[in-house]
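Trainee: There's a structure below that I have some questions on.
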Amino acid sequence: MEQSCEEEKEPEPQKNIQETKQVDDEDAELIFVGVEHVNEDAELIFVGVTSNSKPVVSNILNRVTPGSWSRRKKYDHLRKDTARKLQPKSHETVTSEAVTVLPASQLESRSTDSPIIIEPLSKPDYRNSSPQVVPNNSSELPSPLITFTDSLHHPVSTALSVGGINESPRVSKQLSTFEVNSINPKRAKLRDGIIEGNSSASFPSDTFHTMNTQQSTPSNNVHTSLSHVQNGAPFPAAFPKDNIHFKPINTNLDRANELAKTDILSLTSQNKTFDPKKENPIVLLSDFYYGQHKGEGQPEQKTHTTFKCLSCVKVLKNVKFMNHVKHHLEFEKQRNDSWENHTTCQHCHRQFPTPFQLQCHIENVHTAQEPSTVCKICELSFETDQVLLQHMKDHHKPGEMPYVCQVCHYRSSVFADVETHFRTCHENTKNLLCPFCLKIFKTATPYMCHYRGHWGKSAHQCSKCRLQFLTFKEKMEHKTQCHQMFKKPKQLEGLPPETKVTIQVSLEPLQPGSVDVASITVSTSDSEPSLPRSKSKISKKSH
């Protein structure tokens, strides 16, 4: 009889004297399975671990083997004696539950088919009427078990102790919900049912099911903890402080809610981690391509120099003399009644193929109050804003100011600004300005000869502005030196190279029926000034 008792007490007494380790390992992961508060009769609750292939059959709870009653009776007395020996004196006064939980490293090495037994620590007169759960294979007996013990004398407060395989004195430590979560910072936390962080579960593909009996004591001060792990995702469950009472959890509903929240969180994280393409800064065309430069800023000394006309022998000051010469040459040209008179613009002196095109040019460019589809540098009109923007991108640079006053180096993107500047700032001086190429003369005779040359000869028209030159060399020097970015727009200051900028004619569509605003995207690297060509190469080309 004694020999049979020794054979029967192999598995569980060894489990009760297992070593308990301090729960301070950073890699340890606590998995709370369930606690049962029993007043009279305790039932053994089997927590099944389903493998990847087949779930555990729950009929094992109802399995009855021959001689099981005698084994339970004998083992009950042995377990009571062992519990009395192992229980410290202070255990009667401490109102806590000792929960033995394996570290994560041991849980990972444990076979997925090993059972987990939850059993109460009973009084000496405690009667165990539930069937004993025996492992399937004898080789699994030494495998670590998770044991939940529960005090029946006092209100319950949770205490967790980590047990190891080797034998050592038992260490118990009361832990709050915050301490349990702070043991392993990698462990997932639940707040308001939303998963925070990634859970490093030991069984990513297994499913843990906890079967609890209905208790008559209601639960108070329930806190959220991790008691279920399904397919690697944690579920919120009740973690009590005073009384223990678990209700059945609708896993299907919780799973659906958890999946929906996970989808929302994944979309939010994608929006945060994904770096979307930033919107390009919007700059108006007038601010990006047009500008003015005041030059030296010092007014020229007034000399009140007079100039004598070679045709009518009139003596006039510089500005009036310039107007007088213009009227003389226009009158002479009109008397010839040539075809050029009907196709040349009297404002910009540009020639057009037909008089109709000349008339359209005058109406769109020189008579319109505020033309929106006109390039102010070229003084040419375009059909739409989009065509104008494309023209500006292909032919001009940001801050391009090709019209220069050669007296004080005043610059502008608009020819009329330079002409007005000369007539106001350089009036009554010794300088004469050519309206075709902005060249400066000091005497009347060379000025009138130069002026007649522009009328009589086929001038070299600059393809990027309205200026005309008598020689090809002068035209190329002008294009190389003046058609560059003279001043960087304020909107581009501080922007790194290769920055994309959106150019628009206006912020709102000008036409009532249109919805979209015409725009074009340019790179700041395209606006960098190019090196001017040497004069020697230009002179060779002119010959």
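Sequential numbering from 1, following the chain as shown.
Cβ atoms are placed via backbone N, Cα and C, with glycine included.
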Trainee: Would you please say which range out of 284-309, 518-543 has the annotation region 'Disordered' in Swiss-Prot?
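Mentor: The listed stretch tagged region 'Disordered' in Swiss-Prot is 518-543.
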Trainee: From the set Lys241, Lys261, Lys326, Lys376, which residue is assigned the annotation SUMO2 cross-link by Swiss-Prot?
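Mentor: Residue annotated SUMO2 cross-link in Swiss-Prot: Lys261.
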Trainee: Based on what Swiss-Prot says, identify which of Ser53, Ser68, Ser172, Ser202 is the phosphoserine one.
Mentor: Ser68
Trainee: What range among 373-396, 397-420 does Swiss-Prot describe as zinc finger?
Mentor: 373-396
Trainee: For the record in Swiss-Prot, which of the ranges 103-126, 343-366 is the zinc finger one?
Mentor: 343-366
Trainee: Looking only at the recorded stretches 343-366, 432-454, 460-483, which one has the largest tally of CB-CB distances under 8 Å to the zinc finger (373-396)?
Mentor: 343-366
Trainee: I'd like to know the mean pLDDT over the zinc finger (343-366).
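Mentor: Per the prediction, mean pLDDT sits at 87 for the zinc finger (343-366).
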